[in-house]
Protein chains: 2
Amino acid sequence: MDLEEHTKIPQATAKRLPLYYRFLNNLHGQGKMRVSSKELSEAVKVDSATIRRDFSYFGALGKKGYGYNVEYLLSFFRKTLDQDETTKVALIGVGNLGTAFLNYNFTKNNNTKIEIAFDASRERVGSEVGGVRVEHIDDMEEKMGDLAVAILTVPASEAQGIADRLVDAGVSAILNFTPARITVPSHVRVHHIDLAIELQALVYFLKHYPLDEEEEE
Amino acid sequence: MDLEEHTKIPQATAKRLPLYYRFLNNLHGQGKMRVSSKELSEAVKVDSATIRRDFSYFGALGKKGYGYNVEYLLSFFRKTLDQDETTKVALIGVGNLGTAFLNYNFTKNNNTKIEIAFDASRERVGSEVGGVRVEHIDDMEEKMGDLAVAILTVPASEAQGIADRLVDAGVSAILNFTPARITVPSHVRVHHIDLAIELQALVYFLKHYPLDEEEEE
DNA sequence: GGCTAGACGTTAAAGATTTCACAAACTCAG
DNA sequence: CTGAGTTTGTGAAATCTTTAACGTCTAGCC
């Protein structure tokens with residue numbers, strides 16, 4: 001693996017890569033052959049200089065006076081983002097949010113696939129949601145296999161307990177949608193997405209960080 | 001309004017405020033009287049120096065050798081985060097994700113409340129989900145009143161169209177959960193939360209940014 | 001009352017990210 | 001083939017964020 005190259009890439013850039021990839025896919029689907037950083041900037045709402053800088057970490061991908069070749073860029077990012085090998089994911093907690101994930105067609109445009117789901121409700125067990133089998137949470141360790149990534153959409157009170165079990169089962173990355181800040185060993189990566197906080201933060205910015213005035217009523 | 005003071009607060013700090021607030025609430029509920037930046041750090045997974053720095057933007061809230069008084073800090077943040085006045089929110093798109101929001105009890109610990117929801121499916125219209133009335137999307141302008149914030153959980157293909165209508169209806173902040181990057185006038189604030197991208201980014205970090213080695217198998 | 005340990009608030013440094021601005025290099029039309 | 005017009009890639013500057021380090025002050029004990 002060519003970790004040496006990738007390790008140098010700023011985290012802020014890495015987070016934008018999937019975004020670029022998706023929009024390049026769109027463009028390609030529309031039959032576009034070339035694209036400039038300026039066009040891309042308008043589409044993804046990222047400053048064009050930032051886009052050029054981001055791309056430049058991977059070398060000279062474009063041509064001066066021309067822009068970027070969509071197909072080339074796309075195939076480059078496909079490799080970089082490991083789009084060829086699908087990462088299998090487990091989902092814990094088939095509530096509304098969990099169901100939303102299961103019905104989301106990740107595999108399209110995406111290198112991730114939810115392979116199996118777990119829930120504590122006996123009623124849901126055995127059914128399929130969005131084409132994914134739902135198993136009982138008690139059988140998690142047994143049925144999870146070697147999946148490395150888990151999406152956690154359980155009630156907050158369960159979060160830490162389940163996280164501990166996931167870690168024991170060998171999971172190395174958790175996408176945590178519960179409000180609980182879970183504690184895990186240092187070799188496990190956790191990303192928190194906290195819906196209530198996102199909403200509160202938006203409201204805070206709205207009230208305290210005025211944007212342009214509205215021109216008129 | 002005391003915008004002068006708040007405008008100076010770094011965005012990174014502002015995004016953490018709701019997180020602090022929630023944990024302080026927890027502590028208070030547990031009957032804790034005092035808390036140090038170190039304790040808080042372990043709970044919210046933010047470096048203690050960062051916490052002290054964050055708090056210091058609001059003045060000297062703690063006492064040397066003692067820490068912070070939970071009650072005082074809580075009441076301070078309640079004012080700062082405008083917890084006393086509830087912000088009313090509209091939700092557009094009562095699919096799985098939208099339903100998850102409607103069932104989420106935001107008002108608890110929170111200054112936001114979803115007042116009304118809209119959906120394109122005639123079947124859902126008229127029902128209540130999570131105690132919120134669902135109206136038809138065609139009646140949006142008419143029934144939305146003066147709500148300033150909207151949560152957008154519609155299919156990506158609808159996102160821009162609905163966003164335009166929201167803006168016309170006077171909304172000034174949108175929490176966009178669709179993969180579409182919507183375009184709005186400069187006086188409207190948009191936060192994008194892109195679930196597929198969050199998952200992909202986590203996978204990318206997992207593969208390319210190794211954490212500590214696992215000690216053993 | 002005095003001492004020790006603890007914890008804040010802050011200065012300064014380091015690190016990360018974004019943005020500016022422009023030379024270089026390319027395209028394309030004529 | 002030439003020249004006008006584009007657009008990249010990148011040094012350098014600006015900005016933002018985190019972290020370290022420590023002086024100062026307080027609590028609480030003897």
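Using the three backbone atoms N, Cα and C, a Cβ is placed for every residue, glycine included.
Those TrEMBL annotations? Automatic predictions, nothing curated.
Residues annotated as DNA-binding region in TrEMBL: B:19-58. Annotated NAD(+) binding site per TrEMBL: B:Gly93, B:Val94, B:Gly95, B:Asn96, B:Leu97, B:Gly98, in sequence order. According to TrEMBL, the feature domain 'CoA-binding' maps to B:82-181.
Mapped onto this structure are the features recorded in TrEMBL.
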residue : record              : CB count, 10 Å
B:Gly93 : NAD(+) binding site : 25
B:Val94 : NAD(+) binding site : 26
B:Gly95 : NAD(+) binding site : 18
B:Asn96 : NAD(+) binding site : 20
B:Leu97 : NAD(+) binding site : 25
B:Gly98 : NAD(+) binding site : 28
Residue distribution over DSSP helix, strand and coil in the domain 'CoA-binding' (B:82-181): 28 helix, 29 strand, 43 coil
Hey, which of our binding-site residues B:Gly93, B:Val94, B:Gly95, B:Leu97 end up with a Cβ under 8 Å from chain A? B:Gly95, B:Leu97
Summary of DSSP states over the DNA-binding region (B:19-58), given as helix, strand and coil counts: 28 helix, 2 strand, 10 coil
